[in-house]
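Trainee: Feature list, courtesy of TrEMBL:
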- 40-433: domain 'Amino acid transporter transmembrane' (DOMAIN)
- 80-98: transmembrane segment (TRANSMEM)
- 135-157: transmembrane segment (TRANSMEM)
- 169-187: transmembrane segment (TRANSMEM)
- 194-217: transmembrane segment (TRANSMEM)
- 229-252: transmembrane segment (TRANSMEM)
- 264-287: transmembrane segment (TRANSMEM)
- 309-333: transmembrane segment (TRANSMEM)
- 353-370: transmembrane segment (TRANSMEM)
- 376-396: transmembrane segment (TRANSMEM)
- 417-441: transmembrane segment (TRANSMEM)
Amino acid sequence: MESSDKVVETVISGNYVEMETEGKKPNNDMKSKISNLFWHGGSAYDAWFSCASNQVAQVLLTLPYSFSQLGMLSGVSFQLFYGLLGSWTAYLISILYVEYRTRKEREKVDFRNHVIQWFEVLDGLLGKHWRNVGLAFNCTFLLFGSVIQLIACASNIYYINDNLDKRTWTYIFGACCATTVFIPSFHNYRIWSFLGLLMTTYTAWYLTVASLLHGQVEGVKHSGPTKMVLYFTGATNILYTFGGHAVTVEIMHAMWKPQKFKAIYLWATLYVLTLTLPSAASVYWAFGDLLLDHSNAFSLFPKSPFRDMAVILMLIHQFITFGFACTPLYFVWEKAIGMHDCKSLCKRAAARLPVVIPIWFLAIVFPFFGPINSSVGSLLVSFTVYIIPAMAHMFTFKSAAARENAVEQPPKFVGRWAGTFTINIFVVVWVLIVGFGFGGWASMTNFIHQIDTFGLFTKCYQCPPPPGSPPPFLHHVGAPRPAPANFTHHHHL
């Protein structure tokens with residue numbers, strides 16, 4: 001560690017020496033080199049891989065379904081619009097993080113054994129009420145985000161092996177996902193985030209190429225949008241897609257130079273669009289309105305080695321994304337019970353286990369995770385990653401002195417402070433009315449219908465009935481829908 005005056009001087013210039021030196025310790029032996037290659041990641045590239053692989057995973061298979069609800073034009077427009085909106089609020093979060101960290105390090109606070117989280121940034125800049133609101137929304141969102149990953153595993157594996165029901169698969173994958181307690185922090189996701197992005201890239205291009213080779217089904221219709229409930233459910237799914245930055249602060253903190261993060265989320269989003277737009281558009285072009293009854297795109301493709309490969313890769317990716325969503329919850333829990341500074345990995349892993357249990361339980365109670373996903377998008381994502389960051393930025397820099405002393409000044413091309421505040425007000429108003437208002441109404445209508453139709457703890461959500469038995473009132477993946485058309489199952493992976 002450098003001398004204290006050197007650290008103060010460095011902090012004032014906004015260059016984080018302690019993070020750089022931590023990342024560049026000379027390692028000569030082979031074991032250290034291999035460990036660094038696969039385990040210790042803190043570069044801008046690592047952050048890009050983490051953002052891109054975390055963002056695209058769960059929704060790739062349901063975006064064609066959203067396109068069938070929205071129509072092609074609205075589907076493409078919403079993806080581009082929410083992609084930009086998500087990148088903007090990720091930029092705001094990164095500015096607030098750098099502001100908080102710089103202020104604290106001027107007070108000689110040492111963060112070497114402490115992971116800064118979003119609620120601490122809000123606490124340091126705006127006080128405990130902001131902290132409490134941010135913590136409640138963030139933890140609830142990440143909790144349900146983890147639940148969604150767990151149910152997605154059960155839903156996907158069912159396309160390869162239907163000998164066990166989905167609830168049993170949920171038990172099995174819950175136990176597998178519990179192993180993420182052994183991964184200390186986002187530094188250690190280097191190889192996983194790299195592999196995760198390769199997996200989703202393969203799946204996206206499999207969907208695109210398989211659709212184009214399959215061609216349009218006979219009598220294909222593209223009638224969307226037809227109903228307001230469906231339209232806003234689809235739009236909320238896309239809002240959720242580009243709202244994956246609830247873990248932005250933890251990913252930034254894992255970087256050697258966090259101030260480089262500003263544009264990384266935008267570049268990650270641009271790459272994600274090269275996966276989501278071609279795959280969703282081509283599957284919708286090939287199958288049209290059939291997608292309204294097939295919320296998981298895999299269900300429309302014939303069984304083949306390529307499809308099975310895509311299913312298996314998505315399964316592994318779901319496990320990685322579970323870790324991404326759960327790691328910030330582990331940190332919050334460690335801080336709550338006083339274990340965050342503990343050096344022993346095994347003790348921390350044991351202390352983290354209670355976090356996995358409620359996730360496991362919720363995944364079994366609400367196996368119809370599609371409607372949960374839309375509800376999470378409208379009720380939690382809207383506030384967690386759009387409204388709260390935009391409002392926090394405005395309140396942090398509302399005084400002329402705060403704007404003048406800001407570590408990072410807004411760029412000229414957005415119109416400096418006036419332009420930034422205008423964009424922030426637009427984000428808050430738009431997401432409040434369209435995302436939370438209309439989206440919340442549509443997704444909760446759908447969610448309540450699922451509970452009425454299936455009940456809680458259902459054993460095998462959307463599974464075909466056994467051969468020879470009359471089909472019950474619920475519809476399954478391949479069957480015609482007896483339920484009213486305005487209630488479409490939302491199967492979010």
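Keep in mind that glycine also has a Cβ here, set from the backbone N, Cα and C atoms.
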Trainee: Report, as numbers and ranges, which residues of the same chain sit near the transmembrane segment (135-157): CB under 8 Å and 6 or more residues beyond its ends.
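Mentor: Counting only partners 6 or more residues beyond its ends, the transmembrane segment (135-157) has Cβ contacts under 8 Å with 57-58, 118-119, 166-167, 169-170, 173-174, 176-177, 246-247, 296, 298, 311, 314-315, 318-319, 321-322, 325-326, 328-329, 332, 358-360, 362-363, 366-367, 369, 372-373, 376, 380-381, 383-385, 388, 461-462, 491-493.
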Trainee: At a C-beta cut-off of under 8 Å, are there same-chain residues at least 6 beyond the transmembrane segment (376-396) that contact it? List them, or none.
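Mentor: Same-chain contacts beyond the ends: 85-86, 89-90, 92-93, 95-96, 99, 122, 125-126, 130, 133-134, 137-138, 140-141, 144-145, 148, 236-237, 239-240, 243-246, 248, 402, 420-421, 424-425, 427-428, 431-432, 435-436, 439-440, 442-444.
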Trainee: Same-chain Cβ contacts of the transmembrane segment (169-187) under 8 Å, 6 or more residues past its ends?
Mentor: 39-42, 50, 115, 146, 149-151, 153-154, 157-158, 247, 250-251, 253-254, 318-319, 322-323, 326-327, 330-331, 345, 348-350, 352-353, 355-356, 359-360, 363-364, 367
Trainee: Do the transmembrane segment (229-252) and the transmembrane segment (309-333) share at least 3 Cβ pairs under 8 Å, sequence separation 6 or more?
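Mentor: Answer yes: the transmembrane segment (229-252) meets the transmembrane segment (309-333) with 3 or more Cβ pairs below 8 Å.
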Trainee: Apart from its near flanks, which chain residues at least 6 from the ends of the transmembrane segment (309-333) lie with a Cβ under 8 angstroms of it?
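Mentor: Same-chain contacts beyond the ends: 50, 53-54, 57-58, 60-61, 115, 117, 119, 135, 138-139, 142-143, 145-146, 149-150, 152-153, 156-157, 159-160, 173, 176-177, 180-181, 183, 185-186, 189, 192-193, 195-196, 199-200, 202-203, 206-207, 246-247, 250, 298, 340, 351-352, 354-356, 359, 493.
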Trainee: May I ask which of the stretches 80-98, 353-370, 417-441 has the most CB pairs under 8 A with the transmembrane segment (264-287)?
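Mentor: The stretch with the most contacts is 80-98.
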